[in-house]
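Taken straight from TrEMBL:
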type: DOMAIN; residues: 39-699; note: domain 'Myosin motor'
type: BINDING; residues: Gly132, Glu133, Ser134, Gly135, Ala136, Gly137, Lys138, Thr139; note: ATP binding site
type: REGION; residues: 576-598; note: region 'Actin-binding'
type: COILED; residues: 671-698; note: coiled coil
type: COILED; residues: 792-823; note: coiled coil
type: DOMAIN; residues: 889-1119; note: domain 'MyTH4'
type: DOMAIN; residues: 1399-1469; note: domain 'SH3'
type: DOMAIN; residues: 1529-1670; note: domain 'MyTH4'
type: DOMAIN; residues: 1676-1979; note: domain 'FERM'
type: DOMAIN; residues: 1903-1932; note: domain 'PID'
Amino acid sequence: RLELSDTGQRQLIDDEGKVHKLSKKNEASLRPMHPTSVEGVDDMIRLGDLNEAGLLRNLLMRHRQGVIYTYTGSILLAVNPYQVLPIYTAEHVRLYHGAQLGKLPPHVFAIADSCYRDMQRHRRDQCCVISGESGAGKTESTKLILQFLAAVSGQHSWIEQQVLEANPILEAFGNAKTIRNDNSSRFGKYIDINFDAAGVIEGARVEQYLLEKCRVCHQAPEERNYHIFYCMLLGMSTEQKKILSLGNAADYKSLTMGNCTSCDGRDDSADYSRIRSAMKILMFKEMESWEIFKLLAALLHLGNLKSSEMSRQGVNKAGIGKVDSKNLETSLTYRSFMTNRERVSRPLSQDQATDGRDAFAKAIYGRMFMWIVEKINTAIYKPPPDASHVRFSIGLLDIFGFENFDANSFEQLCINFANEQLQQFFVKHVFKLEQAEYASENIYWTHVAFNDNQRTLDLLVGAPLNVLALVDEESHFPKGTDATMLTKMVQIHGKNGLFVPPKSSHDMHFGIQHFAGDVTYNAKGFLEKNRDSVSLDLIKLMHTSTNKFLRQIFHADGGNELRQVSTLSGQFRQSLDSLMKTLATCQPHFIRCFKPNIYKKPEIFDRDLCIRQLRYSGMIETIKIRKMGYPIRHTFQEFLQRYRVLLRSSICDPRTEGLDYLSQLQLGIARLQAKVRARQLEQSYKEKREAAILLQSQARGCIRRRQWKQKKEAVLILQAQTRGMLARKAVKKMKNDVSSCRNFCLPDAACLTVEEHLAEEYLAEEHLVDERLAEEHLTEEQLAEERLAEERLAREQTAQQLQRRLEKVLEEQQEEKSKTVNDEKMVDSIFDFLPTVVGGQEGPAPQGFEVRPTWREETPKEECDDVDDEYSFAKFASLYFQGSATHTYIGQRLRSTLLFHEDERDTLACLSVWWIILRFMGDIPEPKRAQESVSSAGDQSILQNLGQRQGRRLSNLVGLDQVRSPHGARSQCLSARGRCVKLSCILPLQSTAETVKEEDDILVGEGPSLHRPMTSLEKLHIIVEYAMVRQDIRDEIYCQICKQLVGNKDEKSRRRGWILLSICLGIFAPTELFDKYLQNFIRSGPANFAQYCSEKLQRTIANGSRSEPPSCIELQAAETQKPMTVSVILMDGQNIKLTIDSATNSAEVCERIAQKVKLKDTFGFSLYVSLHEKRWSLGCGKQHVLDAISLCEQDSRKKGEQELNSPWRLYFLKELFTPWLDCGQDPVSTDLIYKQIIRGLKLGEYQSDKVREPEIHINLGLCVLSLSEKAKCVQLVKMAHLQKNVDLVKAEVIDYARQKWSKFFSKFFNVTKISGPDLPQNEFVAAVNCSGITFMNEKETLLEFFYPEVTGVSTISQATLQLVTLITLKGEFSLSSNSPGELEQLWRLVDMFLEGIKARSQYALALQDSNRISLCPDDPTFLSFRKGDLLFIIKDEEYSPNHGWMKGKNERTSLTGAVSMDSVLVLAALNKPTNELLQRKSISQVNQATEGNTERVAPISLKEFSFEYFRQPGKAMGKGVAKEKLWASSREPLRQPLLQKLVGNSELSQQACLSFIDILCQVRSTLELTDQIFGPAMQYEILRDEIYCQIMKQMTINNNRFSMENGWQLLWLCCGLFSPSQTLFRHTQRFLESRKHEPLASECVKRLKGMLRMEPRKRPPHQVEVDAIQQNSTQLFHKVHFPNDTEEIFEVTTTTRIHDLCKDIANNLLLVSPDGFSLFVKTTDKVLSLNDADYFFDSIRQVADNPKKPRRAKDGMAASLPYIIIFMRKLWFNVIPGRDLRADLTFHYPQELPKYLRGYHKCTKEDMFNLAGLLFRVNVDMDRSQFVMIPKMLKELVPADQMRTMSPEEWKKNIISSYNKHAGLTVDDAKVAFLKAISRWQTFGCAFFEVKQTSEAALPSIIMIAISKQGVNFIDPKTKDILATHPFNRITNWSSGSTYFHMTIGNMVNSSTILCETSLGYKIDDLLKSYLDMYLNERTSVRPRNQLFPA
């Protein structure tokens, strides 16, 4: 600054305030300072003063401001501040991550982030070269970059922490205090950090260069040895030091040579703990660490040995690694060498012995250091799993800086040579390559001169006899000396200007001009250091050591004295060349470190030192070239695509475009280049892009609002029109109802009573009133309300008059009570007709049926008030009842139905039912008996008058009257009892729904038969019959009953109503509309009916509605409300009594019987019902048992018998055999079948096909046999007597019966032939049994197939028809049935038999010729055969049909070998087939193959796609064989992938072929198959199109129904995992849309389109997804558990994310907010939190899956771990007890209570008393009798660690006192009060972890870590005191391993670390990440509620 002095003379004041007088000469040299140099700039390219002074002042000004970083373009200049600055926090990491370089102030984090982003953007390896002098801060910059990369990797993984923890170990063993640096790196290291494709650290590798080993023995003044020695001596425990005989640092010569044993700013004791922690993290075993410290101690002792002390005693004191002390003494004091004849030893001088000792120490330390580096690499380096694994890296070079000491030796020469190489690397990239680029692109450019150090490199290593080569050459000469080496240097390089020769021949100093200045080296000791040799005797001795660690580190030294040993410089040059090659392949980033002073003091800026560094670093030239250059480069195409939006026309010509910044652009030959200032182009582009996005968003919003408005108006119009239409329809219907009701109530004149005439008159008057009202409404609409009120009053008066007249008539009729039916008495005795013996049950009634107790209403109510207002009956009535109908009781007939019905017949039926309900409940009297003219009709029962329903039902159920035997012979009576066995007796039962049709309209309306007195049973049957025939009126019936129960004052009527309701609930279920309302109504009923009726309703809903009216035993149960008991007869004489209900089906009865008798083989056993001589099967399925019993009662009624005594019986019989029955598997099953056969023979049920012979009785128990069977049975009896094997006889008898009378053990199906060969009739019975399938009628057998003749079965579902197709050798038959369920049962049964026989078959038919020579000439294992040959299947483990091969034997040639499954047909035969059958089978297969050759391509296939993207199809493999169709289905495994792009990749090609094999498989675990199909595609994106193509290929021209079904399921799964590429997407969509008839096609299209907008899944499908689609269900559900031991099921989708499911659960539970809640997976040993952003099923698979075994493991896939999903609170912020009651009770209380009881909180006794009282109230509520149990309940009331502080009685006394204080609180109130009490504590909501820490001496070894919204608390577990609290913004980094957790607190430069031993580190890690994410979200978003985190 220029100023005028008092004398008027100009004077200069510098930056330090000093005043300088100016002379005229000096004043002339001054120039005005540019404004940018006044305060400084952050990028020196922007400096106006582009000279040394300007650069220096800029650095000075920023240094004074405390700013240490400055940019030079993209190069960072870092000035060592020699102090800790607050700019390295986690907040700075988040600030710089993702920020563009130059947007924020310069920082080392910005360069690190630039490396990271460039790696991800350009997919190229990066490197950061950090250079500078020693002490400039290179090591600290490296550590900061490492920590930044670990932080932005974001995983907090253990590998990240291991990479970071490598630094403390390497620094301890490789760094030391020097004059210029307190932490100088005495070795070079290159850290290569590996990242995966997602940018996550997955490992690292450290390369070390030239460790300064001489420091172990010698240090310069004011310097120290390596840090590890001082840390060990100060940090090691006294006991350990005593074992190693260690003392203080001053006791050891090798530590005191520099007269410096301490270092300011370093805490060696704390560093030792840090080193030990780092060793644990890097997997150093305790024994390995101890061996390292033992060697270090030995080196210290060895350094104290003088040449005179190298005796055995001194050597023993050194304690070198368990070697023989005598041999060690000899090796240290003698040197052996080989002469021509023998080995000779000679003693060493004192100096030689000292040098040998030092060499030995350096050898040990150097090799130990190399072992440590390799150990670190073993821990942190993970090799790529395969060659295709994508991996990128960022390399950090931290190498020794340029050194120039007073005395420089060989180490300084190597170090400076390395710095020369790095300077040349910098020069090459910044200057040479940059200017070469401009030249190659023909861009005008002014050359920038720069300081090139290539000549210095040539002097050192480039010339043929360079300096280092001369050193190496002289080192190999035995007589070479340092002097001879220096002489050769002078001779060769003396004239080189860069070489400074010694001043005289005796001078051992020479100099070299380096880029950083001249350095003088002392040549003394060069050769010895370069040879780096150690005595061969010592090396051999180390190999004999018993110390394994010592032998290990010397393992590389083989001990061969003839081996050529490389020199130190040679090794260094080799490793340095490798480093430079590595750097050359990376994109470089540069950091130039500067040291501001040599004093290592802050705030001192040495201008001379800094200007020297600026000069040799080439900063001025760098600024020039960056300022003038064009670093921004794009190809023309890239530039046009990105910036064309800025053009004003469609023509892109920069020369004519009038943009002012285009002058900053240069057009090259291949690229367009821009200056740095042209970044405004990018800024302009961004501004316009943001404006365009804003405009688009506003336009879209406007369009959407306009569309919404139009839709809203349309909806309003539609609603108005719909309301008008419904209103008009309702008015019309009311008119029709009035008219219909009037006509409906007019029976014949003879049947009309006085009451009905009065009712008719009343209806007529009502009709007149309605007409008048309608007229006036139409003419005088404005007076409608007034006139309506008047008419209503008139109607009420008329109704009162009619009521009085009715009452008068009724009084007159009281006199005739004795002559008429006593209605009241009849209704009161509803169930008097029931006897004590229920039909079919002989003897006394079952227990509970003898007495009918009187019904009592425990809590009589005037109305049945509903419990739940949301589903109250009153609400339903208000919503759905018509007109003015109410939900309460009325005692008169309805004018219209309660609910609306479209069908008029339903309306009339509802009115009839209402009349019957009123009569049943006794609300109106019964009509008098009809007159004689209609008495004949009245005499018939009501069920006989309901059309032909009952008349035809039994014939349909039981069968035909005349039945012939299976072969046409008329059935004969075989038993003395004369029972006639008919085929119809075993025909299947048909339901009423299949037999009753809509023509039963006689049920609609009231015929004459209804106007007569009826029994309660008749009325009940009428009500139920209506409900069964007309399903649409079921809700109406329930509403009518419920209406009559609400407000009913008559107790008897209510009782009858509830009985009627309970009976109906057991017969039919309401619709979904009324279901919840009805359940709620039932719950509000009488206590003795509520639960009973509710259970009946649930059972009816579960098992389906009934098809028959109730039976007598149901009515009995309805009255007594006790269970029903039936007896089931077994063939072994057992009579099993079972309890059943109205909904019990045959499957449940069979299951219970099997459990009772311990029956294992249950297949084929069915429940039968018999009546008289008829018997039919109820099967083992959904057929209701009581429906069959009801049918029996109806049949008895039809025959004139009383249904009460209907002699029905239930039997448990064998109905069907499997073809492969093995009687030895289940003795119980065998015995039952045997007894059944014997009983059948005795009763004559089984008939012989031949003419009957005279019967001869043979005593086989109960057996009666014919003469023709005598011989066989006699033989069986003799064998049984001889062998005493009864089971063998039973098996023989069963086998004989199974083969002889297979038709009697058949499943029968009524079917109709739709197509196929001609038969005598098209309607017949299909009988399926163990032998085959038979078409038959009641007279004869139409056609019979054995299973070998059946080639396939399939089912087809069309719009109105379901067909089953049987493909046989006799033709193809398409069958239909009136019962779809029966048809499906037929298909499944035949399919099961066919597949079961094939699985057990040993026979196969050759479909084509197979010649081993043509297949594989060199492999004799293949079997040769001809088409039509019979092959015997050999089943062993050598071949698996799942893989497409089996082992077979050719019957013709008797040869054995491997057979392809595609070449043969496995026959459905258990016995050898006949030649005729084989010939027919072969011809059939040829015909099918011929048909198959005709292409029947689906509407859209991959044929078109295959022409362009598939590989070329293979050639035909034989004559007449068609060319391979890659796009069509095939059973041959692929030998190459389908897509051409995969053919060249061998590994992925193999994966694709293996996936196709899995797609072909049908047998193994489906989950395993889906894993193997989709697993590789999830890992390799290129395989995804291949999987889509393979699945669609197998779904093209595929006639196999099972294969197609599996294909659709796989495609459905695939569409929900990932989407195909854009190329394949269109073809896939067309493929799916062309198959709209397929059920899953539309779902696949929807999922396919959905995946386009989402990221693909990361894991194969979950078991839930696979199970669901196997059941053809596209809905997925999963159970979620809650902390209060409740659970709910929620629907999820394939792409449901965790946070979406959390919101759904929170909304379902009506929580105030889902914030803070999360989903957890609980396995057998862990509870893991799921990441909110992940897919739900991906997260579960990641957690729950066990490590899989190898892909093709024989024992299958490893099972997944059992798990449950838990939803609970994870983050405890904004938790205020009482604000969200549901959250408090469901989550907060059950989660906080265990923490309190475990004693984690610090609380007073008063608090414990208060809380114990609340907890006691929670446990016992108001039960004061539980006071005596308090001592036993203490563990549930008091913290575990406080229970013994008082006696149990004292606790009891105080708890009772507290309990009494809380009187009046409910259980829920007590829970909330508990939460409010503990919420005042600081530890409320904390997650507690008890850990052991070894890194912080100030903390106890056992501490409690408590994590909450305040941060991380360290708690003393004994006192519960909080020792320290660290907010989240102070936690820099953390990571977790399997047994450790590590956390870094504070600044990255000077931080403290906590290493904890715990197995719960993963939980701490997850909590910290979640809280920190929430903390950041809170800071970056504005929330209307309170802050989540404290300030």
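Residue numbering: from 1, along the chain as shown.
Glycine too: its Cβ is placed from the backbone N, Cα and C atoms.
Unlike curated records, TrEMBL annotations are generated automatically.
In the domain 'PID' (1903-1932), the DSSP tally of helix, strand and coil residues is 3 helix, 18 strand, 9 coil.
Each residue in the domain 'MyTH4' (1529-1670) gets a DSSP state, and the totals come to 93 helix, 1 strand, 48 coil. In sequence order, Ala78, Asn80, Gly401, Cys593, Phe594, Lys595 are the residues of the chain that are 6 or more apart from Ala136 (ATP binding site) and have a CB within less than 8 Å of its CB. Counting every protein chain shown, the number of other Cβ atoms lying within 10 Å of the Cβ of Gly137 (ATP binding site) is 25.
Under DSSP, residues within the region 'Actin-binding' (576-598) fall into helix, strand and coil as 9 helix, 8 strand, 6 coil. The residues near the ATP site, meaning same-chain residues not in Gly132, Glu133, Ser134, Gly135, Ala136, Gly137, Lys138, Thr139 whose C-beta sits within 8 angstroms of the mean position of the site's C-beta atoms, are Asn80, Asn181, Gly401, Cys593, Lys595, in sequence order. Looking only at the domain 'FERM' (1676-1979), the predicted model's pLDDT averages out at 88. A 10 Å cutoff on Cβ-Cβ distances gives Lys138 (ATP binding site) a total of 28 other Cβ atoms nearby, all chains included.
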